[in-house]
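K.L.:
What follows is a structure written as structure tokens; I'll ask about it next.
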Amino acid sequence: MKVEYHTVYLKKRFPLRISRGVFEGSDNLYISLTENGHTGWGEMAPGGTEGAETAAAGQAMLEQFCATGLSASIHDTWQNAHAAGVAPCALAALDMALWDLRAKQAGVPLYALLGLARRAVVSSVTVGINPPDVVRERVPLLLARGARALKIKLGSPEGIEADQAMFAAVFEAAQGSGAVLRVDANGGWSLKDARRMMGWLAEHDVEYIEQPLVRGAEDQLPDLFKDRAMPIFVDESCRMSGDIATFFQSVDGVNLKLMKCGGITEALRIVATARAFGLKTMIGCMGESSVSIAAGASIGALFDYIDLDSHLNLDPDPATGAPFENGITLPADQPGHGGVLSHA
């Protein structure tokens, strides 16, 4: 098997500000696996909490592992790489490339290889933390592009008054569009502020709240859950399937990301575990292009909610394979997951 790596800088069209900081772009790592005329593609968006802060660090881990650790079984490869300490975001790139290759060798779309339907689920499109006047200009642009659900980032360092002012601007700009409104605080609230904001947001028809409390404050979730004004999803608090048992009684759902969990193989386990505990499921993304978004869309039929939109905020997207049509990030209807790095 031929293994190749490419590092590409992904510049965001609009810098994304969340509770933890501002993100303008990233050097993402791409891996291609070629065997018998077929090539599988994978992508890593680096991150400190995902185990590799740079593309170079991720590539070094993968080069060392791929020299001896690849197995005919994708599941065995995942377990071996995880045990060897390969960072989740780097493992995600390898894992999705292996699944892409396997589906191409079988001559079927990845969703079909996994026994899934090509189900169309509306994807959230993110509105980052911004002053109200910026939001009033940006929301119409997202709606014009076809967005039917908006995920509004709150948890502003300026406090919940700033959150309310920004949300009010989104609410005003989206009036009459029919767009569903969802909120992600990225752990930016205290328990007191979360209670207050959830009650206020419920009055404005918000569908759910994501990660209201900071990761590490899961012991406060039971207090928030018992009087919740809307469904609670956790994101940063859920990285692997084994995490779910620690908080399943205090949330309504979990948001997994391929970069957090190490790819499709573990994502399938997270979904199965969440379902066993009676939880809803969501798949999200980080600063990823169409390669990783296409991989996520391939398993989209498993999820109640989808948040696969980061490729829409790239200037340019160096990859293809994740079309956004009528508010839906569609899985590829061709062999593999469909994502390909088109220019490096």
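Each Cβ is built from the backbone N, Cα and C atoms, and glycine gets one as well.
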K.L.:
Per Swiss-Prot, which one of T77, T126, T281 shares the substrate site with K151, I152, K153, K257, D307, L308, D309?
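P.N.:
The record-listed residue among the candidates is T126.
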K.L.:
Hey, Swiss-Prot has Mg(2+) bound by D184, D235. Any idea which of E161, E203, E207, E210 it lists too?
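P.N.:
The candidate from E161, E203, E207, E210 that Swiss-Prot ties to Mg(2+) along with D184, D235 is E210.
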K.L.:
I need the CA-to-CA distance for K153 (substrate binding site) versus E210 (Mg(2+) binding site), whole Å please.
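P.N.:
A Cα-Cα distance of 9 Å.
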K.L.:
Give the residue from the binding-site residues K151, K257 that has the most other Cβ atoms within 10 Å of its Cβ, counting over every protein chain displayed.
P.N.:
K257
K.L.:
Using DSSP and three states only, what is L308 (substrate binding site)?
P.N.:
coil
K.L.:
Please report how many Å separate the Cα atom of K257 (substrate binding site) from that of D184 (Mg(2+) binding site), as a whole number.
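P.N.:
K257 (substrate binding site) to D184 (Mg(2+) binding site), Cα-Cα distance: 14 Å.
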K.L.:
Which of the binding-site residues D184, E210, D235 has its Cα closest in space to the Cα of I152 (substrate binding site)?
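P.N.:
Result: the closest of the binding-site residues to I152 (substrate binding site) is D184.
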